[in-house]
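Colleague: According to TrEMBL, the record shows the following:
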DNA_BIND  B:17-56  DNA-binding region
BINDING   B:91, B:92, B:93, B:94, B:95, B:96  NAD(+) binding site
DOMAIN    B:80-181  domain 'CoA-binding'
């Protein structure tokens with residue numbers, strides 16, 4: 001029976017990190033790993049790992065560790081990666097281009113099947129195996145391919161318009177790199193990514209940390 | 001006198017968001033904005049904005065709003081953006097390329113002055129105005145340019161080695177896109193970015209949300 005326990009956002013954000021490392025372990029032929037070892041690899045305390053993983057049931061063998069394959073499978077099911085989500089990216093500038101070629105998305109089960117832009121120099125190009133189509137045809141491609149998730153890497157000035165177009169075509173979730181709020185119906189899930197946060201955090205830290213000698 | 005109050009990570013992460021929107025307002029010639037308007041633009045409640053901004057002193061005029069220019073200047077000083085940090089990027093694949101061309105970094109005051117790779121097809125290319133140099137010369141460039149912040153967009157397998165090289169050359173903070181923990185001395189601040197978190201969050205939400213009709 002499917003478990004419907006609510007899991008905190010912080011745990012959900014750590015699951016892909018666990019999952020990616022478990023895949024690396026699997027590739028290396030490692031079957032069992034302790035929370036200590038996993039913690040060392042990831043920079044997370046073993047206590048936190050055990051707490052996170054018991055959130056959705058116990059998979060470990062006491063004194064031995066977690067079965068890597070089994071844990072992978074469980075995380076896939078919890079995150080919902082077995083769905084093999086189809087993804088469309090609007091705005092194939094540098095960032096869109098990088099995301100279209102980002103291998104980790106594929107490893108996690110996300111398949112990019114639509115790329116959209118307005119620039120005639122980019123339309124028609126093959127980017128990571130997908131041909132860029134005009135954004136005016138985005139509705140058609142989303143419906144035809146059954147794309148469920150949209151990524152917005154357009155300039156902020158057109159992001160809302162692109163989001164509207166995505167929602168109208170049947171997109172259910174949006175990952176947006178635009179620095180502004182998108183107005184979407186309640187049932188659409190928007191996750192906003194901001195690449196400038198990391199550098200700003202570092203700047204804050206370097207500016208405010210106690211001076212060493 | 002400089003205020004040394006500790007500000008929570010959550011506030012620090014919202015500050016660049018405020019700042020980027022305030023710059024857009026400034027460009028549009030808007031001098032004053034209320035917390036309600038700012039909240040509407042950003043998808044943050046006005047209460048949260050007022051709370052965040054009083055963390056480091058009151059800039060608003062009651063019943064009128066915040067002075068855009070003044071608030072910008074204050075945020076710059078709190079985050080430490082007036083330092084004009086110099087940034088080096090190691091790993092000029094698709095993501096490194098995108099970051100080297102990411103205009104927001106420049107707008108926030110981060111100047112990319114070093115790009116490093118091992119691939120001879122990439123070395124020597126001009127990417128966003130900077131020539132890519134061999135990673136074997138990274139130490140020399142970091143010292144010569146006085147680069148303080150390193151961005152790691154290399155494959156995970158070499159990320160630790162690159163981090164060591166950066167730290168030895170005098171880097172103080174690292175933004176890492178590698179999915180593994182980096183071992184660095186205590187005084188080095190590492191911020192780990194993971195582009196797969198957003199899609200995983202969306203997948204989780206779409207998998208677990210209550211079904212609508």
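Yeah, the Cβs are placed from backbone N, Cα and C, and that goes for glycine too.
Predicted automatically and left uncurated, TrEMBL annotations should be read as such.
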Colleague: Grab the pLDDT values for the domain 'CoA-binding' (B:80-181) and give me their mean, rounded.
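Modeller: Here the mean pLDDT over the domain 'CoA-binding' (B:80-181) amounts to 95.
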Colleague: Under 8 Å Cβ-Cβ to anything in chain A: which of these binding-site residues pass, B:91, B:92, B:94?
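Modeller: From B:91, B:92, B:94, flagged as close to A: B:94.
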Colleague: Which residue, out of the binding-site residues B:91, B:93, B:96, shows the minimum number of other Cβ atoms inside 10 Å of its Cβ in this structure?
Modeller: B:93
Colleague: Tell me which residues of the chain lie with their Cβ under 8 angstroms from that of residue B:92 (NAD(+) binding site), as long as they are six or more apart in sequence?
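Modeller: In sequence order, the residues whose Cβ lies under 8 Å from that of residue B:92 (NAD(+) binding site) (at least 6 apart) are B:100, B:115, B:116, B:117, B:119, B:122, B:125, B:127, B:132, B:153.
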Colleague: Would you count the other CB atoms within 10 A of the CB of residue B:95 (NAD(+) binding site), including those on all shown protein chains?
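Modeller: 24, counting other Cβ atoms within 10 Å of residue B:95 (NAD(+) binding site).
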